[in-house]
Amino acid sequence: MTYNIVALPGDGIGPEILNGSLSLLEIISNKYNFNYQIEHHEFGGASIDTFGEPLTEKTLNACKRADAILLGAIGGPKWTDPNNRPEQGLLKLRKSLNLFVNIRPTTVVKGASSLSPLKEERVEGTDLVIVRELTSGIYFGEPRHFNNHEALDSLTYTREEIERIVHVAFKLAASRRGKLTSVDKENVLASSKLWRKVVNEVSQLYPEVTVNHLFVDACSMHLITNPKQFDVIVCENLFGDILSDEASVIPGSLGLSPSASFSNDGPRLYEPIHGSAPDIAGKNVANPFGMILSLAMCLRESLNQPDAADELEQHIYSMIEHGQTTADLGGKLNTTDIFEILSQKLNH
């Protein structure tokens, strides 16, 4: 079998971190004996510059045919038209592929807790996953309008939309430490009242999982004061967007956090959670670990290569533990150095 992978380098540092990761994929495929082919497509701001839109039909159709999609990063201050922004391409891609699940793990690597802005004793041993609903909620709700006197956004969820994301979260929790935290604002939001009701109903199907509920403001506090208490967190789109960015700083850098977005079937999208960082683009100083860890998720979930994923992750964790990092993590290596060291480790 030959896996079909679509590569979307995007904008800013996206091309340099994705292209380096693809060089690692070539080494890994030879070592673990599997075949793949890559289709490169412009996406986001780069696509706007070339084609006048952030996501062309050609690119979308290629993504629909793919086994996996690897995305570098998109966006930047260059693209200011509110009706034609790079981010709109990503929203359209998620909606078109029905990528309703977003998985964002946060892990504090052994021996690297000193990198966190929080006290070491608070973060050491943190290993949590945020499961974010990705295609509904206030980012997609209708009606919406804006003028100089009034603005309206609609936060809408159906029972079916809540059920499907909650089932994913329960199954993930059951495969880990058996604890699920559901985040809402049930005391004031109608959508959260339905959310909590559905979570409680679905919980009856997963007796092996312990469930607790937290208001989103309380959860944001507990993520900082005691992140080790969490196993799996499930939340709606807006809350998940905010909480996952908050959680990403716990290990010490946005550059350490991967993510995967998927549906019940079809291709999965893998990307680091950081932005395109146009201020450092092309300077060979970007931290590529988030992109490489996203590749590891792709190896495990879409390419059926769990051993390769484990090896890649362990090499990264070892590098971080021994201070072989870029400047944002206190190290002295550049982007190319990271890929060269990992290439040597994988070839060993």
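Cβ atoms are placed via backbone N, Cα and C, with glycine included.
Here Swiss-Prot flags 76-87, 275-287 as NAD(+) binding site, drawing on sequence analysis. If you take the C-beta of Gly76 (NAD(+) binding site) and look for same-chain residues 6 or more apart in sequence within under 8 angstroms, you find Asp11, Gly12, Gly45, Pro86, Ser276, Pro278.
Residues or ranges marked as substrate binding site by Swiss-Prot on the basis of sequence analysis: Arg94, Arg104, Arg132, Asp217. Of all the Cβ atoms in the protein chains shown, 27 others lie within 10 Å of the Cβ of Arg132 (substrate binding site).
According to Swiss-Prot, the feature site 'Important for catalysis' maps to Tyr139 (among others). Sequence-distant contacts of Tyr139 (site 'Important for catalysis'), defined as residues of its own chain at least six apart whose C-beta falls under 8 angstroms from its C-beta, comprise Leu91, Asn237, Leu238.
Taking a C-beta cut-off of under 8 Å and a sequence gap of six or more, Lys185 (site 'Important for catalysis') has these contacts in its own chain: Ser192, Phe215, Val216, Asp217, Phe239. DSSP classifies Lys185 (site 'Important for catalysis') as coil under the three-state reduction. Annotation comment: Swiss-Prot describes Lys185 (among others) as site 'Important for catalysis', evidence class sequence analysis.
All protein chains included, Asp217 (substrate binding site) registers 10 other Cβ atoms within 10 Å of its own Cβ. For Asp217, Asp241, Asp245, the entry in Swiss-Prot reads Mg(2+) binding site.
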Surrounding CB atoms that lie within 10 Å of the CB of Asn84 (NAD(+) binding site), all protein chains: 14
Cβ within 8 Å of the mean position of the Cβ atoms of Asp217, Asp241, Asp245: remaining residues of the chain near Mg(2+): Val216, Ser220, Leu238, Phe239, Gly240, Ile242, Leu243, Ser244, Glu246
Cβ-based isolation winner (fewest other Cβ atoms within 10 Å) among the binding-site residues Thr80, Asn287: Thr80
Binding-site residues compared (Asp241, Asp279) - highest count of Cβ atoms within 10 Å: Asp241
Cα-Cα distance linking Arg94 (substrate binding site) and Asp241 (Mg(2+) binding site), given in Å to the nearest integer: 14
